[in-house]
Amino acid sequence: MTRCTHEASPYQLLHGRPHIYDEVLGFKFRISPDAFFQVNQTAAEVLYRTVRHLCFPKAGEDRERTKVGGTLLDVCCGTGAIGITISPRVDKVIGVELIEQAVEDAKHNAALNSVLNCEFLPGKAEVVLPGLMSQLSLGGGSLTAVVNPARAGLHHRVVRALRNQSAIRRLVYVSCKPDGEAMRNFRELCFAPDQQKKITGEKFSPTLAVPVDMFPHTPHCELVILFER
């Protein structure tokens, strides 16, 4: 099989180490064969700094570990890179990821970097988020969301859960293909409440878009969009 997960057909190590390691913004990361990680390290640091700044612009880039507080919700978190690099600024990070190996990497990476305020949950975001949002509503406090989906974008139930969580005032969307399925997500985040679609939450507005050239000498770039309400 050319495209198959470890769960469907377990990988077998034939030679060498079972993981590779990389370092981004002073944090070390273990990466499994099934996990996604940005291959351009220098550009990845620009990307993650950009995401961090859009999430918490008042903290100031000159003080990378200035604490702002609140909770960061990291949807499609992969190996935990975004959440872990932002973790010094918040009280808690909650990551959700489909790929089980990536979740194990994220948990390992938090421990590897002595980060104690991160929790990573395995499963489909459209299944995990509705229940998680109910828990977050009970907890109170500020809530910021980052979503970093694959090219297929977010499931409509994920967008609905984000829209209906009134505590989320800032949402940062990282897209590798903004002119594809992600455009559907952008519209869903920004149209007026729709009872038929069970979207009752206040709409978001796109306020800033930052392209990051992750793929030099190609026409592609990663697009980071800040939505606010």
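Just so it is clear, glycine is given a Cβ too, placed from its N, Cα and C backbone atoms.
TrEMBL lists Cys176 with the feature active site, nucleophile. What TrEMBL lists as S-adenosyl-L-methionine binding site is Gln38, Glu97, Asn148.
Projection of TrEMBL feature records onto the structure.
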residue : record                               : contacts (Cβ under 8 Å, 6+ apart)
Gln38   : S-adenosyl-L-methionine binding site : Val24, Ala44, Leu47, Ala81, Met214
Glu97   : S-adenosyl-L-methionine binding site : Cys76, Cys77, Gly78, Val103, Ala106, Phe120, Leu121, Pro122
Asn148  : S-adenosyl-L-methionine binding site : Asp74, Val75, Cys76, Cys77, Gly78, Ile82, Val174
Cys176  : active site, nucleophile             : Ala150, Arg151, Met214, His220, Glu222
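For the S-adenosyl-L-methionine site listed in the record, the two most distant Cα atoms among Gln38, Glu97, Asn148 lie 16 Å apart. Apart from Gln38, Glu97, Asn148, the residues listed for S-adenosyl-L-methionine, the same chain places the Cβ atoms of Phe36, Phe37, Cys76, Cys77, Gly78, Thr79, Ala81, Ile82, Val174 within 8 Å of the centroid of those Cβ atoms.
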